[in-house]
């Protein structure tokens, strides 16, 4: 055995066949696929504990690396799944195996009795264990049992640590993988529900969401139980076509086109070379070796490094190279193929159905041009009838084959959809007409009219409707497509010397940019990836990402977003986020997830779809029966019956009309198409809505809770004054404040440190080294504390002073109240139990805040402020912007409690915060809005992410939600109203009074038009305009 694998080139027992080893079939998963476990360990008291744990883990077979932090117990383990063994039972089984194996070699070498050992593999090719037994001994010993031993999996790691006396926390009990599938063949809500039910019932599937309008499914599954291939088989068994869009974590996958691969050995060399690179997680090569897909960690390696490794892997005269390969966008190509397919099918159907229509409806009305159609071939069979049958049959069974397939699969899974309705209607018309044809062929007196034109025209109009519907649905994702295309194809990579001078410039593909690369952006060029400006100044147009038309000034230290345009000035940018980590990629991912999520209002359509088709079929049968019985019983006058039609045919026409006029598709498309357009439009305006549920909840909002710092205010506090107390010098106060507050990330702390450093510089006595604070502690909502030069130092508000029993004199009280009246926050600094001084900090109110609050009031939405700041400052800010209800001196948990109290009043509450300190409140609110997210758009706690720091987007989010829900209601009214009105008319309710009767092919055209109208109604949301523009006011 070498490196955990048997060397099969030299058999262990020579030519004997007594030992066999099963080799697993070729699999895309190899035994060297490394997995990573992250968890926490409690009970670590010192560094030696961490070392001992690492030692225990290092002894496990299959462990590549284990790192344990002695500070917080955070543990990261890289291991090869399937070959971990540590337990005594496993060791015991191993010894039994080798002893038995040795005995077999010594005593049974030339004997028919010999051991057989079988490796056991899972479906991915991983070794789970072995079965070892002397099979032929069973001839002599009936109780001879095999020795079976299975390798423990990841849980063995946990057990090994717990056996050492430590407690494991946050251990991932099972792997959950995610894959996205393209689902073709879904016509209505009933179809999407069928796929969802089939996926949910599949082994290993934890969660499945199917989007009808997006024609996609997102499946969460256990990779140890099932695979994407098996999941696709489940979809196909349900009667639909499934294609894999992505599997696993596609966050950092590189697709490369290979050059120089001549044989399988070359492909193996390249694959092995890439697998040996630190930071590469998985390598997958296609069967022909022409391209390769690499999953990697961008913090460790990058595209250019991987390409260079491929070039260096060449041995001898071989020469390898690789280039970026961008796979075609599956959605766009599938959409174009589907549009082309329906267009071609419609045109082919017209080739047959138009002549049928002419022969049945037009030429008979134009004598003598149509007289030849009445010529009898045999008995009562005319040329016209024969031609209509010949032309109609290909339309019914070849072009219309898709409806039969769809209906078959729907009925097989005990459901019904639009295909069932079409199949029932067209078959009724076709086979009744075929009966007329056969009766005319065998009778010399039989005279009846056929309905072949009904079947052919019905199929043609439905295909036309599907074609127009798909074209319209494609436009619902236009906004997302435009976002995806914002990033430039190339970038100018530069290298600079120690003095900041550019040494070289190279134009490379944007796909090749790695983290920490430097690239130059000239005026008019697009920013390729997210980064930080390190040299130069300019104005950048970020309207395509944030919706903000005003150019934003950029200088060294400023952040730029990939996809934005540099207006003027040349800047050098350092890449900080690449690939799927860029703001643009995260926005696209977030919007795609939102479009796939199902809105609660969709439940109405789901409930209706369950009984819609059976109800329609039953109504059609009752309609036919009622008209036929009424005709036979003579309940209506004979002149009601049109010329050339008898009682049975008239009743059949009404029944067919009811079947084909009903449209479940319009109901199914009412919600998802509107959500797709709204989320795409919101993304264009800088408002990212996480799905239909968030969209639906936002329109019900009656109260908006605002955080103060960074939300109502600019979020960049500045110190406006400093006052000394207790006879402490300014130098000492500044030194103490700098040493303590330097450890805090709070904006107010940063403002204090910055101002204190300026004061020390002005006094000309800036020390070379400031003492570090020890025993530093953060007190949420109050301040910080620590020891500086053996002195206990506090910096915070009055609440912190009271908690440490620091006396506050009247002089200090007066200073605090005076500052609070001016909307200023007092940061008190206490040294050894005495207030030494105070920094008055102010944070300017955003210019649009007052107008936004007034606009919300006009929308009948109340505004509330909840802040951790003092009451005086909070009240002053609230008074300035027009907010009446204020809650101050509230910690993060208290904010969440306040929101729950407001919800108890029966109000739907939206929380607007910065998404960091306000996470509990954002999660507690009905709708959480993270404002000013900048490049960090993946905020889990928020339902809506507002990219800009502009409060007008709060209004935009709520207004867009209201407009979208209004549009969904219009869609439902149209879809339901159409069915409610069209079905009775198709059933002949108006025929006795006004003579109004739908021919079946006209009913089919109406059904197609209803779906198109719903999609077009949703597309009107693309013209949505923001209701409030503060800058133009």
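Just so it is clear, glycine is given a Cβ too, placed from its N, Cα and C backbone atoms.
Marked as domain 'HMA' by TrEMBL: 35-103, 177-243, 252-318. TrEMBL lists 90-108, 346-366, 386-404, 416-438, 450-468, 611-630, 650-671, 972-995, 1001-1021 with the feature transmembrane segment.
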Most Cβ pairs under 8 Å with the transmembrane segment (1001-1021), selected from 346-366, 386-404, 416-438, 650-671, 972-995:
650-671
Tertiary contacts of the transmembrane segment (650-671) (same chain, 6+ residues out, Cβ under 8 Å):
187-190, 192, 212-213, 417-418, 421-422, 424-426, 428-429, 432, 451, 454, 458, 469, 473, 598-599, 601-602, 605, 608-609, 612-613, 616-617, 619-621, 623-628, 631, 640-642, 692, 968, 971-972, 974-976, 978-979, 982-983, 985-988, 991, 997-1000, 1003-1004, 1006-1007, 1010-1011, 1013-1015, 1018
List the helix, strand and coil residue totals of the domain 'HMA' (177-243) as derived from DSSP.
23 helix, 24 strand, 20 coil
Per DSSP, what is the residue count of the domain 'HMA' (252-318) in each of helix, strand and coil?
22 helix, 19 strand, 26 coil
Overall pLDDT for the domain 'HMA' (252-318), taken as the rounded mean:
80
